[in-house]
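Student: Below you will find the structure I want to go over with you.
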Amino acid sequence: MANPLYQKHIISISDFSRSELELIIDTAVKLKTQPHPDLLKGQVVASCFFEASTRTRLSFETAIQRLGGSVIGFSDSASTSLAKKGETLADSVKVISSYGDAFVMRHPQEGAARLASEFSSVPVINAGDGSNQHPTQTLLDLFTIYETQGTLQGLTIAFVGDLKYGRTVHSLTQALSLFGCKFYFIAPKALSMPDYLCDELTEKGINFEICDSMEEVMDELDIIYMTRVQKERFDETEYVHVASKYVLTPEVLEGAKDSLKILHPLPRIDEIAIEVDDTPYAYYFEQAENGVYARQALLALVLNENI
Ligand code: CP
């Protein structure tokens, strides 16, 4: 039977069922231990980044090449006909998708990946659209949580920092809501979790609380998911009011479970003190490496009917 992700657009984490997420995690576990250099042999993937990226672009491109595929695309849209000659996104997508077997796209506008999927002749994979969704980050976050905790079921997770603009938080809470987890949301008031997402969690009967500090819940936590305040989405005066309110230091971690792990989609600014890197709780660099395996798993499933 064909795998359910074959030739599917990957736009929002809410498009996945629990069993599809589990399939991707199982495939990532296998690919991490048993490399498969031929799974994308002969396939070309377009990697088009209209917005800055380090981890997402490079881990996608590593994933493609380690599976035997090849990459076309750009890391800076400034030299494209869209930016320089007024070509529409729709026309650009029609043309680029005719050159490849899949189309990975990051774009600063919410909804851009969904729009691209309407004009692409091959599967579109959303590598982040504005402050909306970042589904492949969520796949690597789920894989990393599973790797560190041995399960996704019934965990207690604190999300800290910019929960308003943090697209990784939006996607991850939606995914973890399929696994009966409990959430604590810890953010400056101006950056709290959007109402529509809280309403969605309430409708699903998910247990969540809004808290003022990490210390008050530290001893309950399996995962702390830190995020940076997204400076690029503020003007300077607004930014200084919300930056650096929540900083994770070794002192804040007192009373944590031995099995606690700290995740962060990166880049970090100052919200995790450098000294935390040397504690057994830090797992954010391993998390970034897991981006290769999670994206390998996704590409292998989207581009192979049977694997
Ligand atoms: N985590 C993440 O999306 O990082 P980049 O912006 O560097 O891709």
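Even glycines carry a Cβ here, placed using N, Cα and C.
It should be emphasised that the depicted structure is a prediction, and the values quoted were computed from it without experimental measurement.
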Student: Quick check: of ARG18, ARG106, which does TrEMBL put in the same carbamoyl phosphate site as ARG55, THR56, HIS134, GLN137, LEU266, PRO267?
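Tutor: Carbamoyl phosphate site check in TrEMBL: besides ARG55, THR56, HIS134, GLN137, LEU266, PRO267, the record includes ARG106 out of ARG18, ARG106.
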Student: Just name the winner among ARG55, HIS134 (the binding-site residues) by count of other CB atoms within 10 A of its CB.
Tutor: HIS134
Student: Per DSSP, what is the helix/strand/coil residue tally across the domain 'Aspartate/ornithine carbamoyltransferase Asp/Orn-binding' (153-301)?
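Tutor: Breakdown, helix to coil: 61 helix, 24 strand, 64 coil.
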Student: Take the domain 'Aspartate/ornithine carbamoyltransferase carbamoyl-P binding' (8-147) and count its residues per DSSP category (helix H/G/I, strand E/B, coil), listing them in that order.
Tutor: 69 helix, 25 strand, 46 coil
Student: For the L-aspartate site as recorded (LYS85, ARG167, ARG228), determine the largest distance between any two Cα atoms, in Å, rounded to the nearest integer.
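Tutor: Max span of the L-aspartate binding residues, Cα based, is 35 Å.
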Student: Just checking the binding-site residues THR56, LEU266, PRO267: which sit within 10 A of ARG228 (L-aspartate binding site), CA to CA?
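Tutor: Near ARG228 (L-aspartate binding site), where near means Cα within 10 Å, the binding-site residues are LEU266, PRO267.
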